[in-house]
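Peer 1: Just passing along the structure, written as structure tokens.
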Amino acid sequence: MATKARVMYDFAAEPGNNELTVNEGEIITITNPDVGGGWLEGRNIKGERGLVPTDYVEILPSDGKDQFSCGNSVADQAFLDSLSASTAQASSSAASNNHQVGSGNDPWSAWSASKSGNWESSEGWGAQPEGAGAQRNTNTPNNWDTAFGHPQAYQGPATGDDDDWDEDWDGPKSSSYFKDSESADAGGAQRGNSRASSSSMKIPLNKFPGFAKPGTEQYLLAKQLAKPKEKIPIIVGDYGPMWVYPTSTFDCVVADPRKGSKMYGLKSYIEYQLTPTNTNRSVNHRYKHFDWLYERLLVKFGSAIPIPSLPDKQVTGRFEEEFIKMRMERLQAWMTRMCRHPVISESEVFQQFLNFRDEKEWKTGKRKAERDELAGVMIFSTMEPEAPDLDLVEIEQKCEAVGKFTKAMDDGVKELLTVGQEHWKRCTGPLPKEYQKIGKALQSLATVFSSSGYQGETDLNDAITEAGKTYEEIASLVAEQPKKDLHFLMECNHEYKGFLGCFPDIIGTHKGAIEKVKESDKLVATSKITLQDKQNMVKRVSIMSYALQAEMNHFHSNRIYDYNSVIRLYLEQQVQFYETIAEKLRQALSRFPVM
């Protein structure tokens, strides 16, 4: 009898990931409980099949009755975890932000149905972005042989972090940036990743905001901005506003993953060696350190720069060789992205992450980063464009143009991911089997011919046999080929999917600031602000616009380089693949003489 399971939490599938949308209380049939990576395959009453997080369902008894059981739930431990105090706090936070959950996993839902009018109109941008916030982890076992295709499909939910913080790591966030703010505005979307509450119950990630972002008025209406020590200049180049790039660039090599343990072996983890190419001096970091860096970058720069989430960690089977290889590959890609960004790579927190000399220096730098006041919208106070102020109409047009392009690109990237996933499944499943069937059929025919006893057909029978073996070889080539070309195309698209998922929140911050400026006339009329305050607001929104344009120019230059490189590689490998097949077929053909 097929195993049944009751869905414990709502789960919204992402396009292109072979996932199945399920709702709390729904009964599904488990068709494959051993997918791996914290996933199982299920079928709903409509006959639709797809992946569902293991911890989102409860296995029902064999009689099919839905009764409470402490012994058969896949998520028993998750249920017990929910009783912890940390979960109680997270649940309280989730309840207070419940209005932001309804938009699901599509960060562009508010863009498609945007409101107009008052200041709250852009609140819909609070949908969880896939890249910097609600995007589920991008990392799972690199199980190439699975029927579900490319490993990016297994974007499992964040699991309980058994790689707990050491005692030397601060508990509560010390930065004032994490304090609740009643002035959270359109830019106050909860961009934080589930890692902020990774020790709590494994429920839908978008129920836990990572932080509460102060409203843009903190920046726009500040009477006098302090002169920060750090400056982020913006210049006007051939293609418009741009960040100032350092004279020498560097990359960071992530290598040598090693398994470590603590507490007499009760806790285990993977540690990576990071070597910046500009110093060639290595430092070691565990995954939780990467997680800390991601959070600090998101908090500090997330209002202006897209910070894609890390490949998430996994608990079950996380030390499998293929999984470690895949996660290291994606950590490498993430670090390379950060190194290539002229603002991120030069930031104090990033440099400290790569160049600390000892434990004391690491702890000091860590605490300093967590107390950084120039975070969120206040990052714009450090930016100095070398250009005249823009008028509000132009600012709004630039913002709309960025929103439209990133939304359209997000759709295009998801479509390519979906098509690529389907193609991967065909290449690793049905297609090789068809070639194998042809090969076996030809060899069977040759065996039948050989049984005739006729002396003059030996050459023909041998040729048919070799042709059959050729098709079996082609089957193997077809099954292996996606790892040589499609994999890299999928990974590139997956990276950009993460980037694009950050933009609704960034655009929301800018749209909110624009709305504030539009309201300034009323505030001046009612003597709530002065005319000078209004002029300061316009100037500061202009700075925000220059920052957005500079970031988009950086984004476009990287996009052109990346897609040119990855599609060129894909086509080169495809040409080589078909040439190899053609050569094998020519060799098989040469055994058949013209008669």
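Using the three backbone atoms N, Cα and C, a Cβ is placed for every residue, glycine included.
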Peer 1: Can you identify, from 201-213, 435-447, 474-486, 578-590, the stretch that Swiss-Prot calls region 'Critical for tubulation activity'?
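Peer 2: Matching range for region 'Critical for tubulation activity': 201-213.
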Peer 1: Pick from Ser103, Ser121, Ser175, Ser282: which one does Swiss-Prot list as phosphoserine?
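Peer 2: The phosphoserine feature in Swiss-Prot corresponds to Ser121.
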Peer 1: From the list Thr31, Thr54, Thr216, pick out the residue that Swiss-Prot labels phosphothreonine.
Peer 2: Thr216
Peer 1: Look through Ser96, Ser176, Ser197 and state which residue has the annotation phosphoserine in Swiss-Prot.
Peer 2: Ser197
Peer 1: According to Swiss-Prot, phosphoserine sits on which of Ser62, Ser116, Ser174, Ser183?
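Peer 2: Swiss-Prot annotates phosphoserine at Ser116; the rest carry no such entry.
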Peer 1: Do you know the DSSP helix, strand and coil residue counts for the domain 'PX' (250-361)?
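Peer 2: Once the DSSP states are binned, the domain 'PX' (250-361) shows 46 helix, 25 strand, 41 coil.
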Peer 1: Ranked by the number of other Cβ atoms within 10 Å of their own Cβ, which of the modified residues Tyr239, Lys288 ranks first?
Peer 2: Lys288
Peer 1: Roughly how many Å separate the Cα of Lys288 (N6-acetyllysine) from that of Tyr239 (phosphotyrosine), to the nearest whole number?
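Peer 2: One finds 39 Å between the Cα atoms of these residues.
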Peer 1: Over the domain 'BAR' (392-595), what is the model's mean pLDDT?
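Peer 2: Mean per-residue confidence for the domain 'BAR' (392-595): 94 out of 100.
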